[in-house]
Amino acid sequence: REFSSQPPCVILGTMWAWVPWMLPLLYKFGLAVLPAKPENISCIFYYKKNFTCTWSPEKEANFTRYTVKRTYLYGRVSDTCNSTSESGSSCSFTYPSISVPDNSTIQVKAQNADGIIESDITHWHLSTVIKTEPPQISSVKPVWGIKRMVQIKWARPVLAPVHSTLKYTLRFRMVNSAHWMEVNFMEDVVREETFNLTGLQAFTEYIIALRCVAKGSRFWSDWSLEKMGITEEEVPHRLDLWRVLRPAKVDGRRPVQLLWKKAKGAPVLEKALGYNIWYFPENSTNLTETVNTTNQQLELYLGGKTYWIYVISYNSLGESPEATLRIPAIDEKSFQCIEAMQASLTQDHLVVEWRSSALEVDTWIVEWVPDRDSEPTTISWESVSGARNWTIQKDELKPFWCYNISVYPMLGDRVGEPYSIQAYVKEGVPSVGPVTKAENIGVKTVTITWKEIPKNERNGFINNYTVFYQAEDGKEFSKTVNSSILRYNLESLTRKTSYTVQVMASTSAGGFNGSSINFKTLSVSVFEIFLRTSLIGGGLLILIILTVAYGFKKPNKLKRLCWPSVPNPAESSIAMWHGDDFKNKLNLKFNDSVNPEEDRILKLCSAPSDLIDKLVVTFENVLEEVSTEEPENGQENILGGEKNEYTTSPYRPYCTPVSTEAPSRRSQHLCSGVPVGTCSEAREQHLHPAQSLGPDHFCEHGAPNPYLKNSVTTREFLVSEKLPDQTQGEP
């Protein structure tokens, strides 16, 4: 009443005064984390050892102490055991404070720095949680005279209730198998710890193990140590027989490789001392041939007919049943009934499935062979009945190896046409890359070719090839093609540029690059060279055609242009002139009425008396002038009225051609290379044209010069004596 009678402001002030004291307490309670409540309590009574209980959770974030409280002797006595979160969530009560039969209660208390929490109380009847030691197998042996059976003997566990009946589980498997089989049985009343395991295979090793459980308990003992035993040997089983047919030889003989092995399900340890094989042509048993061998294959050379082959194996106990095989004739056509086939991979198996249109075919032979380049092939096969699929464990095939798998249909004793596929149990990246080469290098194109990777190096199915190419200091490009293509044409390249190329082969697991190669594009293509050559050659051909046509049209002009007429001094008659005859021929008469532009006479030019001149006339330095004009206006030729033909030479010392012109026209002197005195005398004579010249002024009397009869191309004129006085013959 006193508090309620206080004013509101006083009450609020009092409450705010308590806040600083309450906040630490609230913060502490907010951060407190109690241990998890123990749950899933489970207890096992290890007979005459301990009574152990476990719970969850197994670990705590903070340090936790556990206390397990037990009541026993039907609740009259209690005790505890302790453990921590560091040692694990379990606790044991040791023997001898444990007795059977008895009922116990278990409660677990967990405590940490923040508090305590307890589990629910659980009740346990010890006879239901007893776990004994495993039995100990003493022997596994066959019984003489009883086939396909072994007898197991063991010792009863020492730590097992004496007055309780034990239940046993025996498990067994063949040595080469991972599949266990189990047999359950109760302990014999007379406590004879033996058991006869029947229904086994002959001459086969088995692995045996035992465990037991007390009657009424739900906990089995651990498995005993494994023990191995073997069944008795029997006569061999029927063999699995197969063949490989090869092409016939030139002489008509046909190689046939026979293969056989132990049938599926035959004893693993079954051994044969040898094999007997006999064969004969169909319907000709009198031609039977017999072969004995210890190998599991045989090469036969048969004729072109149908043959029957029989094979048996034998050991010390007897012979196996006959295995029969029919070899068809060469010209016999086999039937075909498999329409499709595929292979798929599961986690641990390779599965091959096929589809057939022949319902009457129910037996198949599956053949698988490694597809390798270098290693010899090992042929494996297996018979399949009542199914259209075949399964093999991956461990039986090698990874990264390609296998050729073929399925043969069997109809009675006839073998049909096989259907084949390839498969890998595991694919990897190729071990090497393709070997690359550049061909047909052009200006802007090139053909890249590569070889297939060897089968041993593929490690999987090649899905595609990728061509990488890059110009020098340029960007890299790539082209991808499928696995059936081994060449690719690169286009739109740059002229006269270096490129780097490499090819990558890819499987489903990845790709591997081959070695890179370099090439350089051409600056001029073959087509361009051909085009230029064709244009030049065509132009020359047109020119030749035009020239030939012009020659046919004007043959003389073309002849003079190409082959000019050169006088042959050896055929000249001037060398044969003598004495007066020569002088008479040189009596020149001049007609005053001659046209000054057309007159041509020899203007005499004397040489010094001591000049010896050699004249060389060649086709290259001779100026030939031939005048074939007809005499006009009463003009006469100076050499007997014949056509005026003469040759001038720049080295002639005594004769130069001159012209006689009218008084209004000045004469030109052609005296190149002649001494100055000689030419001056010639000018004087030109100024006195009325003076007569004697024949002695031209040449000296004597024998003809022999050099005039030398080669047409080269002649020498030798003047061995002094020329006559240049005034000779003057009036």
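Backbone N, Cα and C atoms are what each Cβ position is placed from, and that goes for glycine too.
Now, the feature entries from TrEMBL:
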type	residues	note
DOMAIN	37-132	domain 'Fibronectin type-III'
DOMAIN	134-234	domain 'Fibronectin type-III'
DOMAIN	431-524	domain 'Fibronectin type-III'
TRANSMEM	529-552	transmembrane segment
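Residue counts for the domain 'Fibronectin type-III' (37-132) by DSSP state, with H, G and I taken as helix and E and B as strand, are 3 helix, 56 strand, 37 coil.
Per DSSP, the secondary structure of the domain 'Fibronectin type-III' (134-234) breaks down as 0 helix, 48 strand, 53 coil. Mapped onto DSSP helix, strand and coil, the domain 'Fibronectin type-III' (431-524) counts 4 helix, 46 strand, 44 coil.
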